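Participant: Positions annotated as ATP binding site by Swiss-Prot: I18, G60, V61, G62, K63, T64, E65, D257, E322, R394. Residues or ranges marked as region 'Disordered' by Swiss-Prot: 143-163.
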Amino acid sequence: MSEMTPREIVSELDQHIIGQADAKRAVAIALRNRWRRMQLQEPLRHEVTPKNILMIGPTGVGKTEIARRLAKLANAPFIKVEATKFTEVGYVGKEVDSIIRDLTDSAMKLVRQQEIAKNRARAEDAAEERILDALLPPAKNQWGEVESHDSHSSTRQAFRKKLREGQLDDKEIEIDVSAGVSMGVEIMAPPGMEEMTNQLQSLFQNLGSDKTKKRKMKIKDGLKALIDDEAAKLINPEELKQKAIDAVEQNGIVFIDEIDKICKKGEYSGADVSREGVQRDLLPLVEGSTVSTKHGMVKTDHILFIASGAFQVARPSDLIPELQGRLPIRVELTALSAADFERILTEPHASLTEQYKALMATEGVNIAFTTDAVKKIAEAAFCVNEKTENIGARRLHTVMERLMDKISFSASDMNGQTVNIDAAYVADALGEVVENEDLSRFIL
C-alpha cells in the first residue's frame, strides 16, 4: 500500500485537479490513516475502523477525477462503482455484494503483478535457459539420455552473450509455452447463485490451464512469453488468494459514485427497486459483514468507503439515517469559476491545451495558444454553463472540440505549418454560438 504522506498525496492530486483543497485533504488523511493503522499492534489495530467519506458537489468539479487519481496513488485494491447499477436483493440486476467480489478480483490482479515483479529475476534466468535449450538442443548419448550442458559450455556462453546483447532478437525459434486459453464458457448467474456459477466458471477455466503448445516466434517475443510463463510457475495459487483477501480486508478502498441517485425523494411513492432498498443492502457492507467470493470469505469491517454525489435534487439528509451515520466525514466541493477554468486549461499535468498540441504535432502541425485565447476559452465555457445547464469542467471539452474543429479536420494537409490561436481566433470560432442561447443549448 502507499506510504505517501498527506502532503505528498495532495501535491500529487494538485498536478491533475484544480482547487477542491478540502476534498483532497480528506482523501489524503483517509489514505494515510490506512498506513497508520497497519503500524499498530494487533489488539488495537482491529478496533480502529476507517472513517468513511461523503463528497458532495455539483457535476464536473472533480469528484470522479479524485477517485481516478486516488486509484493510481493507493497501491491497494481499489474499485469505483456507480450506485445506479445496483438493485435490491431479489430483483433483476446486480446485487451490492458483487462490489466486494469485483474488489477481490482487482486485488488478485494487483497481488499477482506484485508477485511476478518479485520473481522476475528468477523467471528471466529460467526463460533464458529455455531459449538457449531451443537454440542449442542438448546432445543425447547412445541410450537416448540427455547429456549435461557442459559439453556445449563455450558455445552456450557465446549464444548467451549474443542473446543478452539483442543480436538474436529477430531470429525465429519454436518453443513450448502455456496454451493460456480457457474453455471460453461464460455462465450468467441467476440472482443469489453467483457463488455456484463462479465455481463452475473456475472449473471450466482450469480444464485447459496446464496445457502447453509449440509456437513459432521471434526470440524477442518468445523471451517475453517465457518470462511470463516461468513467473506464473513460481507463484503459489493458494498463497496468492490469501494475500489478495488480506489486502482487501486491510487496505481495500471502494468508491461509490452517484450515491444521490439512490436517495428516495419525499414525494416519490411506489417500488424503490434501485433506491432505498439498495441503501439498506449497502449498510451491512459499510458497517462490516462477511461476503462469499470465489477466492474465499472476505470481511468488510476495515474496507474504506468513499461515496460521492451531486445532490442537486436530493439532499444528503435524504439518505437513510443508518447510512448517513456510516459516512461521518462530509466534504463539500465548490462550483468552478472562470478563473478555475483558465487554470484547468493550462496547469494540470496533461491539460487540454497540451493534449491538443500533442495530437496536432503527430500531423506535423504546431499549435500555440496565447494567454488571451486561454482566458477567452475559459470565459466562453463559464458563460455557456451559466446560460444553460452547469456541467462544470466537462464544458471545456465541448468548447475546445468546437474551437479545434477546422484545424482537426484539415491538419493532415497542413504539415509543417504553425497555427497561433489568439483571442480573435476564439471569438471568431465560438462567438456566435456562445452569444446565441438557443445555439449554445444544442451545440455546446
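Just so it is clear, glycine is given a Cβ too, placed from its N, Cα and C backbone atoms.
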Participant: Among the binding-site residues I18, V61, E65, E322, which residue has the fewest other Cβ atoms within 10 Å of its own Cβ?
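Facilitator: Comparing Cβ neighbour counts within 10 Å for the binding-site residues I18, V61, E65, E322 gives E322.
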Participant: Quick one: largest C-alpha distance among I18, G60, V61, G62, K63, T64, E65, D257, E322, R394, binding ATP per the record, in angstrom?
Facilitator: 34
Participant: Kindly assign V61 (ATP binding site) to one of the three DSSP-derived states: helix, strand or coil.
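Facilitator: Going by the DSSP assignment, V61 (ATP binding site) belongs to neither helix nor strand, so it counts as coil.
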Participant: At a 10 Å cut-off from the C-beta of K63 (ATP binding site), count the other C-beta atoms across all protein chains.
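Facilitator: So the number of other Cβ atoms within 10 Å of K63 (ATP binding site) is 26.
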